[in-house]
Amino acid sequence: MTSVVVVGTQWGDEGKGKITDFLSANAEVIARYQGGDNAGHTIVIDGKKYKLHLIPSGIFFPEKISVIGNGMVVNPKSLVKELNYLHEEGVTTDNLRISDRAHVILPYHIELDRLQEEAKGDNKIGTTIKGIGPAYMDKAARVGIRIADLLDRDIFRERLERNLAEKNRLFEKLYDSTAIKIDDIFEEYYEYGQQIKQYVTDTSVILNNALDQGKRVLFEGAQGVMLDIDQGTYPFVTSSNPVAGGVTIGSGVGPSKIDKVVGVCKAYTSRVGDGPFPTELFDEVGDRIREVGHEYGTTTGRPRRVGWFDSVVMRHSRRVSGITNLSLNSIDVLSGLDTVKICVAYDLDGQRIDHYPASLEQLKRCKPIYEELPGWSEDITGVRKLEDLPENARNYVRRVSELVGVRISTFSVGPDRDQTNILESVWSSL
C-alpha cells in the first residue's frame, strides 16, 4: 500500500498541478477528492500549457487511472467541455473514472451563487460564481442531485422539479429575479449525463482495490489549506476540505491507507479574492512578483494578490494537514531582488504570536514580523541541483524548511516539468 496526498499549503495556486503531474509519473492511480471547476490547474508539457478545472492532472498519462471522487461537485456542462478540449488536443480520456456519488452542479446553483454574492455588497467573499457553495449547501441539506441520479431520466426529472420549486421561490420572492424553467435545462443536462455515463462507477472500490494490490495512488487536492472551510480564513474560504483529511471523506479511502502528505507552496504567497493576507505587498516589489510570476487566476483571470512567504501560515498548514514533505515552487520569481523577506511571526497588539488566529478582527491587527535575507541576481531557471543554486538562494530554501519544520523534497525554478528538481523521492521512501 503506497499513497501520497498533494495539498496546497497557502491560498491555492501554489503549483499543485505541476507537482501532481510530476509525481504522477510514478503513480498508477491519480484521484481528486474535493472542489469543482472553481479550481484551475495548469500543466506544462514540452512548453505547451494545458488548463484543467475538473479532470485530474493524471489524464495526460494514458496508462494510468484518473478519478473524480465522491467529494467533488461536478458541473456536467463544464466536464463535457473539458473532455472535448482534451480530445481536440489529442489526449485520450478512456482512463477517466467518475464517482456515481459525486454531486451535480446545475444552473440554479450558479444563479444562486451570483445572487448571494451580489446581495453581500461590500462584504463579498470573492466566489468564482461557479455554483460550488450552493451545490455543497444542497449536499449538506440532503437535497442534492448526484451523478447516479443524473443518469436515471425519471429520477433526475423528479428531483430537478422538486429542487427548482424551492429555488425559484428564492429567486422570485427573496432576490426579485427570474425563475428557471425545467424544460430549459432538463434535456440539456440529462444529455450531458449520457455523454459521461461511460466513465461513471463506484470509485471507492477502484481506489481501495488499487491500494490493497500495492499500487501507487496519488490524491490531488484543489485550492489550499488556507481555503479549507474548517481550517482556513473563514468565511473567505471554499465550501469543502482541501486539507489531507478531506481525502478520506472525498474518496472513500480510510485514513489508515494514507502514507504521505506533500505540501506544495510557492517561495512567496498569493491569493485570489477577498480575505486576510498579512504579508500582502502593495508596492513595486509586489507588482514585480505578480508580473514575473504571471499571477493571474486560471479560472477567473483576475490579478492575484501577492506577498512575502509566510511561515506562520505554513506551520498552520503543516499542523492541520499532517504534512510530511514540502514542494517549494517558483524560486526563480524572486531572482533579481536585492532583499527577500520571510514572515516568521506576527505582532498582535504588541504581543508576538506564532500561530494563525481564527478571529478576522485579530488578523486585521496582525503585523508581520520579517526576517530579511540577501537576494540573488542570477538566472536560476536552468539549475537542476540544489548545490548549483546561488548561495543566497540555497540559504533561502534552507531557511524556509527550518521555519516550516518540514524537509523539502522538490524545488522548482520554472513552470516546465523538467524544472522540478528532486531532493528526496517521495515514492522511494515509502
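In case you wondered, yes, glycine gets a Cβ from its N, Cα and C as well.
The IMP site in Swiss-Prot is built from Asp13, Glu14, Gly15, Lys16, Asn38, Ala39, Gly40, His41, Arg142, Gln223, Thr238, Arg302 plus one of Thr127, Thr128, Thr203, namely Thr128. A straight line from the CA of Thr42 (GTP binding site) to the CA of Thr128 (IMP binding site) spans 17 Å. Within 10 Å of Lys18 (GTP binding site), judged by CA to CA distance, lie the following recorded positions from the set Asn38, Gly40, His41, Thr128, Gly301: His41. Remark: of the binding-site residues Ile331, Val413, the most isolated position is Val413 (fewest other Cβ atoms within 10 Å of its Cβ). For the recorded positions shown (Lys18, His41, Arg302, Arg304), fewest C-beta neighbours within 10 angstroms: Arg302. Ranking the recorded positions Asp13, Asn38, Gly40, Gln223, Arg302 by the distance of their Cα atoms from the Cα of Ile331 (GTP binding site) places Asp13 first. For the binding-site residues Gly40, Pro303, the greatest number of Cβ atoms within 10 Å around a candidate Cβ is found at Gly40. If you compare Cα positions, Gly12 (GTP binding site) sits closest to Asn38 out of the binding-site residues Asn38, Thr128, Gly301, Arg302.
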